[in-house]
Amino acid sequence: MLVTPLLLVTLLCALCSAALYDSSSYVYYYQSAFRPPDGWHLHGGAYAVVNISSESNNAGSSSGCTVGTIHGGRVVNASSIAMTAPSSGMAWSSSQFCTAYCNFSDTTVFVTHCYKHGGCPITGMLQQHSIRVSAMKNGQLFYNLTVSVAKYPTFKSFQCVNNLTSVYLNGDLVYTSNETTDVTSAGVYFKAVGPITYKVMREVRALAYFVNGTAQDVILCDGSPRGLLACQYNTGNFSDGFYPFTNSSLVKQKFIVYRENSVNTTFTLHNFTFHNETGANPNPSGVQNIQTYQTQTAQSGYYNFNFSFLSSFVYKESNFMYGSYHPSCSFRLETINNGLWFNSLSVSIAYGPLQGGCKQSVFSGRATCCYAYSYGGPLLCKGVYSGELDHNFECGLLVYVTKSGGSRIQTATEPPVITQHNYNNITLNTCVDYNIYGRIGQGFITNVTDSAVSYNYLADAGLAILDTSGSIDIFVVQSEYGLNYYKVNPCEDVNQQFVVSGGKLVGILTSRNETGSQLLENQFYIKITNGTRRFRRSITESVENCPYVSYGKFCIKPDGSISTIVPKYLEQFVAPLLNVTENVLIPNSFNLTVTDEYIQTRMDKVQINCLQYICGNSLECRNLFQQYGPVCDNMLSVVNSVGQKEDMELLNFYSSTKPAGFNTPVLSNVSTGEFNISLFLTTPSSPRRRSFIEDLLFTSVESVGLPTDDAYKNCTAGPLGFLKDLVCAREYNGLLVLPPIITAEMQTLYTSSLVASMAFGGITAAGAIPFATQLQARINHLGITQSLLLKNQEKIAASFNKAIGHMQEGFRSTSLALQQIQDVVNKQSAILTETMASLNKNFGAISSVIQEIYLQLDAIQANAQVDRLITGRLSSLSVLASAKQAEYIRVSQQRELATQKINECVKSQSTRYSFCGNGRHVLTIPQNAPNGIVFIHFTYTPESFVNVTAIVGFCVKPNNASQYAIVPVNGRGIFIQVNDSYYITARDMYMPRHITAGDIVTLTSCQANYVSVNKTVITTFVENDDFDFDDELSKWWIETKYELPDFDQFNYTIPVLNITYDIDKIEEVIKGLNDSLIDLETLSILKTYIKWPWYVWLAIAFATIIFILILGWVFFMTGCCGCCCGCFGIIPLMSKCGKKSSYYTTFDNDVVTEQYRPKKSV
């Protein structure tokens, strides 16, 4: 049985009507009437605790609570709630407990007690020492249960469950119905002896273990590892092993990856333009008779109101009854477009009296605000007040604005632009709903930047790599520190398995590399501690055998730790299994080989008019041919069916081999089609060179050097390195050499040495030895360098000529191979040509021309002759049809082979030896060819082999047990013997290693089962044993009249494609090109830096001083001292800047005057 988790059972009640299984983390309810058999059972009724709270007293400061009433409580909206008192319980008294209730939507169930006459408003007075459980709906009681206090001496718990609205008092079921409704509110009304603990719960499925009808253990199906395992297998008892599982848990997290960091949204700006109504008439008397024009009403959005025509009008301020009137509008029409907000807005213009026109329009409700403008209008507008209706006033322009406050409408002068900033918060290592660059899906996101950044994936502004289904496989996000790569994995791993060791759930095996996992063989292991995942733990010590569960060479212990299984050497084996040992060759080094393979995938179709082919235009022949029946139709149906099958299979072939999408990478302007070879490309390293300062201050001289020159340069490095010139000389092939370049310091040194040696004759002659030695060493350097240059020149010329010759051979051989491919197409036409040539054969007739036969002979004789032509030509067509059928079968088989080659060689890497080329497959590139495909296979083939002793297996004879045999696991390799030790190695590559438990399969016996195949003879179908086939055939042949055409004159050839010789020729050319590699003698470039002479430095100093003086003089003469006074520090300039500067100003009267102003400090 799996280990029971912490915080398990704290209370277990199995009473008369119901039972509950209660813990601090969940409560399990089940009907006592339902007694399942012993064992594990999957049921509903489990409720996991989601919230726990407590309450000490809700009766306030009064002496007690009021019995018989419902008071207090809290809103829960949950599947279940449990309200429990302390273990001692509460007395049925107003000083301790009064009422507990649960509200199921419109139904309320409660328990209370009330012994006071007239003081029990809900239940009425009860008998002494009794309690009441009631249910009430819409204020009316419809269920009453009176129970003696003797059964429930104290109140301990009141629990309500949504399943059939079940209510439990002290663990007993006291109310239920046929409805299932969540609990909306609940509470306990009490005074003392608290606290009351409230447990709010949600419903989950559970697996319960029953003994004699009572739940002894419960496992929640809550998504935990233990719950997933137990509820999927309907048991809590597991033996050691691996258990596949699925986890379809609810995805709660979402995230979005935006393509842009920010998005600008430009809104539409609606423009309303108003103009002057030139044809408007003066208004009649009364404000209601003022006519409006150009009414514009804004709906929602952004608006611009254009009142440009008002520039010729004069705004009239509000002056009691005269002019404008807009106290509710804090803006003018000139500022209405300054980003004002409205809930509704309507604008119109009118023409009315300036005297009272605006004010009365606002008072009468025609507008919220009114703006008056004068344009010098006539005195023709009637008044709007009761005493002025017949008076004439000056007409003016009135602008009505009707508005209400809000945010639906905003005014603007330009289309508004709102910038939305997007932030990518990517959720890792959990199943999420994602929206990545507009593609929506669900997946498990992992960060693969460390493994992908070095290969420059998506370097050319790409966003994502899609898989064959079109879903995102890898995507990239630009961050502050560069590109981050993420991989989208499926949420559900079909290979995930729980690991049970020692009866305990200890870990998970999955194919997904999650954080904290460790690699075991081809899977990743995640340890589980206390029901949760934990981080990676290193593999502990090795063991000789594993009494628990093992995976390959790893042993998984009950504590979740991992040990490596290293079995002891088999000291008890008597002999190799079956006493069979043999020497085998196993390759240990390989060469890259390129193999060309041509496969024909289509055939040329043919259509022949059978009747025209047989008889031509002869009517006599056509009449005679009618006696042959539908032979032409049958033959043509065969040819046509071959063509139709060819078309159908060809379409299926190309549709099945065409990839779902073309991901063409661009790698430095190199197109590789569908094949991504970015993993093979490396980033070129930046060349090393001298610093910019050295190249600027020194003149460099380059000369051809020897390999010893680098050591010379390192030896002479430093400020006084020239003094060690002769000391740093090197030898090359026994000769002393020095670089031929001599600097000025060296020249001075050696010249002084030579002059000093000649000063006193023989006494100082030895001083010339350094001069002579260095001169001879430099002459040796020049001679050796010239000889190496000549040798390298000869090698380059010879290798180049050899390479040109091999390239010519290669082009010639490739041309021949392609010519043979083209011959396949040409020979298809040759078959048709041969068929047409059969028209010239007479097939035993007097002529091959039907018209000529009918001219020379009478009708009966001519028909007999033409009958021979018809029979011969039908035979020729039959051969053509048979040839096409045979060709279709062969091409169909070739297409199947091509499909396998594309799927296994092009789209993947084949594991079959020599199926994709010769040797182990690496890469295949397909190319189009006439009527087929050419595959270019890149493989590696063995170059050298190791001769080892191979062993089938071992026969082991333990001391106190029966013998058994061990053999290698299929696919792991073979057992070999090396220096009296035994190892296992792969069959196709020599890699010997120690034998582990995961490499062997145990057989029950050391004996082999031999199977022999008996020879079985099928009896003849003729009962007579004296049946002679030759005799029967001769009888049939003699009795049959026959006359066959001369088939020797008919020649039919099936073309066979053979480019083996040309491929071998290409391989010889490749070897020749490899042999033409040039191995040059190593030369080096000697770069010597020579310092400039002293007079150059003196000229640079003079030029710098002159430049500074000229710059100071310019500042001095122009008066632009500004910031220069404190920068240059020139004394005359400082004294000049200390005075007041002057400037000249030219006035309109062309009088030039001089003005002075104080100096401004900077």
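Start at 1 and count along the chain as shown; that gives each residue its number.
Cβ atoms here come from the backbone N, Cα and C positions, even for glycine.
Because the structure is a prediction, the values reported are computed rather than measured.
Record features, source Swiss-Prot:
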SIGNAL    1-18  signal peptide
TOPO_DOM  19-1095  topological domain 'Extracellular'
CARBOHYD  Asn77  N-linked glycosylation site
CARBOHYD  Asn178  N-linked glycosylation site
CARBOHYD  Asn212  N-linked glycosylation site
CARBOHYD  Asn447  N-linked glycosylation site
CARBOHYD  Asn513  N-linked glycosylation site
CARBOHYD  Asn579  N-linked glycosylation site
CARBOHYD  Asn591  N-linked glycosylation site
REGION    769-874  region 'Heptad repeat 1 (HR1)'
COILED    822-866  coiled coil
CARBOHYD  Asn960  N-linked glycosylation site
CARBOHYD  Asn1014  N-linked glycosylation site
REGION    1024-1105  region 'Heptad repeat 2 (HR2)'
CARBOHYD  Asn1051  N-linked glycosylation site
COILED    1055-1083  coiled coil
CARBOHYD  Asn1058  N-linked glycosylation site
CARBOHYD  Asn1074  N-linked glycosylation site
TRANSMEM  1096-1116  transmembrane segment
TOPO_DOM  1117-1162  topological domain 'Cytoplasmic'
MOTIF     1159-1162  motif 'Di-lysine motif'
### Candidate nearest Asn447 (N-linked glycosylation site) in space, where candidates are the glycosylation sites Asn178, Asn212, Asn513 and distance is Cα-Cα
Asn513
### Summary
A correct count of other C-beta atoms within 10 Å of the C-beta of Asn77 (N-linked glycosylation site) gives 9
### Task
Take the C-alpha atoms of Asn513 (N-linked glycosylation site) and Asn77 (N-linked glycosylation site) and report the distance between them in angstrom, rounded.
41
### Summary
Rounded Cα distance in angstrom between Asn212 (N-linked glycosylation site) and Asn960 (N-linked glycosylation site) is 46
### Summary
Model confidence for the coiled coil (1055-1083), as mean pLDDT, reads 59
### Which listed residue (Asn513, Asn591, Asn960) has most other Cβ within 10 Å, given these are glycosylation sites
Asn513
### Query
DSSP three-state call for Asn77 (N-linked glycosylation site): helix, strand or coil?
strand
### Message
If you count other C-beta atoms within 10 angstroms, which of the glycosylation sites Asn178, Asn212, Asn447 is the most crowded?
### Response
Asn447
### Task
Using DSSP with the three-state reduction, classify Asn447 (N-linked glycosylation site) as helix, strand or coil.
strand
### Whole-number Å value for how far Asn178 (N-linked glycosylation site) lies from Asn960 (N-linked glycosylation site) (Cα to Cα)
69
### Message
Give me the CA-CA distance between Asn77 (N-linked glycosylation site) and Asn178 (N-linked glycosylation site), in Å, as a whole number.
### Response
20
### Query
How would DSSP class Asn591 (N-linked glycosylation site) in three states?
strand
